[in-house]
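Asks: So Swiss-Prot has the following annotated:
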type	residues	note
BINDING	ARG13, PHE14, ALA15, PRO16, SER17, GLU49, TYR211, ARG229	L-glutamate binding site
MOTIF	16-26	motif ''HIGH' region'
BINDING	CYS104, CYS106, TYR154, CYS158	Zn(2+) binding site
MOTIF	268-272	motif ''KMSKS' region'
BINDING	LYS271	ATP binding site
Amino acid sequence: MPITRTLPQPIGRFAPSPTGELHLGSLTTALASFCHIKSIDGKWLLRIEDTDTERCDRQFTEQILIDLEALGLNWDDDVIFQSERIDIYNDYISSVLRPLTYSCQCSRKRLERYWTQQEQQTALTDANISTDLSVSVNNDKRVDSHLLPNRQRYPRFCIKANLSPTQNKLRIQLPDYCIGFNDGIQGIQWDNPQQTLGDMVARRQDGMINYILAASLDDGLQQVTHIMRGLDILPMTTAQISIMQAARLPTISHWYHLPLICNPDGQKLSKQNLAQPIDTRHPSKLLAYALKLLGQLPVDHDTPERMLNQAISQWDNAPLQGRQSLNMATIVGEK
């Protein structure tokens with residue numbers, strides 16, 4: 001008899017941070033990830049990334065859940081709250097990730113002073129070289145950006161200091177080589193996590209866990225296979241891959257980074273830019289608008305559930321491929 005192999009069910013997720021209500025940018029991410037994973041008969045998980053207790057608010061969490069339900073974006077399984085999983089993250093930090101971590105007492109002020117000195121030295125050296133070669137230097141004496149020190153790379157002052165892990169921040173060493181992956185929307189990607197993020201802070205002195213570390217562990221523990229999220233998170237991806245590998249967790253098999261939603265002025269919609277919260281009083285109209293913004297075929301104006309079923313049946317990533325942004329001006333007046 002032929003041997004049949006059962007492939008694991010695809011699992012996607014939406015993981016908002018409750019530092020504000022959902023806006024059109026976060027809605028399109030939720031909608032795209034929901035329709036895509038459901039179109040391949042997968043599960044859609046909801047995880048609230050609320051490790052930042054200073055900025056996250058329970059009332060925003062509650063509103064996010066209300067808005068998703070009003071739009072028919074119903075999640076599978078129980079909602080995961082990262083604020084309730086701190087012990088899990090610390091267990092990984094103190095066990096399988098321990099060889100990669102070290103305590104650090106460097107303040108931002110100290111590092112800022114160090115980088116400023118390095119940049120001044122680089123500018124002086126560059127000017128001297130230019131003079132020696134009889135090359136004219138611009139009056140403003142600006143230095144090519146590729147010659148400046150990389151401020152993302154922590155200079156590892158504390159890597160051998162053997163400081164207390166409970167009284168200082170904790171850094172994790174990221175690999176200094178290129179990691180590649182195929183992005184289903186943006187194409188083949190290569191990045192060096194050490195060059196991009198350096199030895200990132202995994203846990204602050206007050207115990208707060210870095211969201212990249214928490215997301216990496218949770219994605220592995222939840223056995224997520226497909227991640228569809230905003231393009232602004234793309235630079236974090238190789239760090240996440242390396243952390244999951246170091247933690248001996250299954251890595252993500254399918255990545256998709258969506259183009260960013262921009263207002264008519266070309267500015268990315270975000271909480272920092274005071275993007276307006278979505279209004280779910282007319283959920284069907286809002287879904288139709290978001291689907292059109294995502295380049296999907298029109299759906300019949302109906303209940304959210306029926307509209308989503310139609311959107312799922314005809315979901316297509318092709319209109320999004322290679323796109324860096326989607327501007328609301330293209331369909332302004334139809335919201």
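Using the three backbone atoms N, Cα and C, a Cβ is placed for every residue, glycine included.
Looking at the shown structure, can you explain where the listed features end up?
Replies: Secondary structure at ALA15 (L-glutamate binding site), as computed by DSSP, is coil. For ALA15 (L-glutamate binding site), applying a Cβ distance below 8 Å and a minimum sequence separation of six or more within one chain yields LEU46, ARG47, ILE48, GLU49, ALA215, ASP218, ARG229.
Annotation note: CYS104 (Zn(2+) binding site) sits in a strand segment as assigned by DSSP.
Sequence-distant contacts of the motif ''KMSKS' region' (268-272) (same chain, at least 6 residues past either end, Cβ-Cβ under 8 Å): 19-20, 23-25, 232, 260-262, 325.
Taken residue by residue with DSSP, LYS271 (ATP binding site) is part of neither helix nor strand, so it is coil. LYS271 (ATP binding site) has a Cβ environment of 17 other Cβ atoms inside 10 Å.
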Asks: Pick out which of the binding-site residues CYS104, CYS106, CYS158 has the most other Cβ atoms within 10 Å of its own Cβ.
Replies: CYS104
Asks: Given the binding-site residues CYS104, TYR154, CYS158, LYS271, find the one whose Cα is closest in space to the Cα of SER17 (L-glutamate binding site).
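Replies: The smallest Cα gap between SER17 (L-glutamate binding site) and any of the binding-site residues is with LYS271.
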Asks: Could you tell me the C-alpha distance between PHE14 (L-glutamate binding site) and LYS271 (ATP binding site) in angstrom, no decimals?
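Replies: Distance (Cα to Cα, whole Å): 17 Å.
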Asks: Would you count the other CB atoms within 10 A of the CB of SER17 (L-glutamate binding site), including those on all shown protein chains?
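Replies: Result for SER17 (L-glutamate binding site): 19 other Cβ atoms within 10 Å.
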Asks: Given the binding-site residues PHE14, TYR211, and counting only Cβ atoms in the protein chains shown, which has the most within 10 Å of its Cβ?
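Replies: Max Cβ neighbours within 10 Å, all protein chains included: PHE14.
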Asks: Does TYR154 (Zn(2+) binding site) have same-chain partners at least 6 apart in sequence with Cβ under 8 Å from its own Cβ, and which are they?
Replies: CYS104, CYS106, LEU111, ARG171, GLY198, ASP199
Asks: What's the CA to CA span in angstrom from PRO16 (L-glutamate binding site) over to CYS158 (Zn(2+) binding site)?
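Replies: Rounded to a whole number, the Cα-Cα distance is 33 Å.
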